[in-house]
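Just below is one structure, and these are the notes that go with it.
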Amino acid sequence: MQYQVDTHTHTVASTHAYSTIHDYLAVAKQKGIRLFATTDHGPAMADAPHFWHFVNLRVLPRMVDGVGILRGIEANIKNIDGEIDFFGDYLKQLDIVLAGFHEPVYPPSDKATHTEAMINTIKSGKVDIITHPGNPAYPIDIDAVARAAAEYGVALEINNSSFEVSRKGSEANCTAIAKAAKEFGTILVMGSDSHVAFSLGGFERALAIIDAAGYPKSQLLNRSPSVLLGFLAQRGHHTVADLQALFDEAV
């Protein structure tokens, strides 16, 4: 199956990434990607874009040559209370909010602390997807996190980049996350975590993990634009309504 949705990408606005929105649109057309989210790192990261970058994402067109663009952020989990580095009404202007642990913002501690911080982030209602929860630098109680994510309707990401260029040793944790998600009915999503446009829609390693765990691919958020947009609308992102209408017209 061709997965046409990618929820996790970075542009040159995060200066350790190397592609523009235009680059992503070109690759999306080549690969048959119909919808992707631009989710640069939240402003607490040293090389992240300024706060205004995210406020001004509204200037991006909704769709270019049949490819939809979601205006988003990969925020940073800042502390054990699950606070993130984007807030208030500005969050409501975004289509999608991802959040995860990043060493420069919230250094690794211990399993209990990581678990509490992640669950508090899930409970906050501000975050739609937890990114790379299988990072071995941040061990968590996987069952507890999967149960909380299922209860609060938050998706857990199986991050393809974690098996290729970063977060080495994530395979066992991600397999356990996929198995727990199957058991507790947690929503999963595959994210390329692309830092260069050529990686857009690259899910091969993530899909292998999901297959090995026996997680039903029929429940993946990536399976169609309408599924992801419906998920985001249900979570209160009314900003996606116009994008939903454009995809409905294209059917």
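Yeah, the Cβs are placed from backbone N, Cα and C, and that goes for glycine too.
Listed in Swiss-Prot:
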- His8, His10, Glu74, Asp193: Zn(2+) 1 binding site (BINDING)
- His16, His41, His195: Zn(2+) 2 binding site (BINDING)
- Glu74, His102, His132: Zn(2+) 3 binding site (BINDING)
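For the pair formed by His195 (Zn(2+) 2 binding site) and His8 (Zn(2+) 1 binding site), distance between Cα atoms is given as 9 Å, rounded to the nearest Å. DSSP assigns Glu74 (Zn(2+) 1 binding site) to a strand segment in the three-state reduction. Neighbour list (His41 (Zn(2+) 2 binding site), Cβ cut-off 8 Å, at least 6 residues apart, same chain): His10, Ser14, Asp47, Ala48, Pro49, Ile73, Glu74, Asn76, His102. Of all the binding-site residues given, namely His10, His102, His132, His195, the one with the smallest number of surrounding CB atoms inside 10 A is His195. Less than 8 angstroms from the CB of Asp193 (Zn(2+) 1 binding site) sit His8, Thr9, His10, Thr131, His132, Asn159, Asn160, Ser161, Ser162, Ser166, Ser199, each of them six or more residues away in the same chain. Long-range C-beta contacts of His16 (Zn(2+) 2 binding site), restricted to its own chain and to partners at least six residues apart, with a cutoff below 8 Å, comprise His10, Asp47, His195. The Zn(2+) 2 site, placed at the center of the C-beta atoms of His16, His41, His195, has further neighbours from the same chain whose C-beta lies within 8 angstroms: His10, Ser14, Thr15, Ala17, Asp40, Asp47. In the three-state DSSP assignment, the secondary structure recorded for His8 (Zn(2+) 1 binding site) is coil.
Annotation note: His16 (Zn(2+) 2 binding site) sits in a coil segment as assigned by DSSP.
The Cβ of Glu74 (Zn(2+) 1 binding site) has 31 other Cβ atoms within 10 Å, all protein chains considered.
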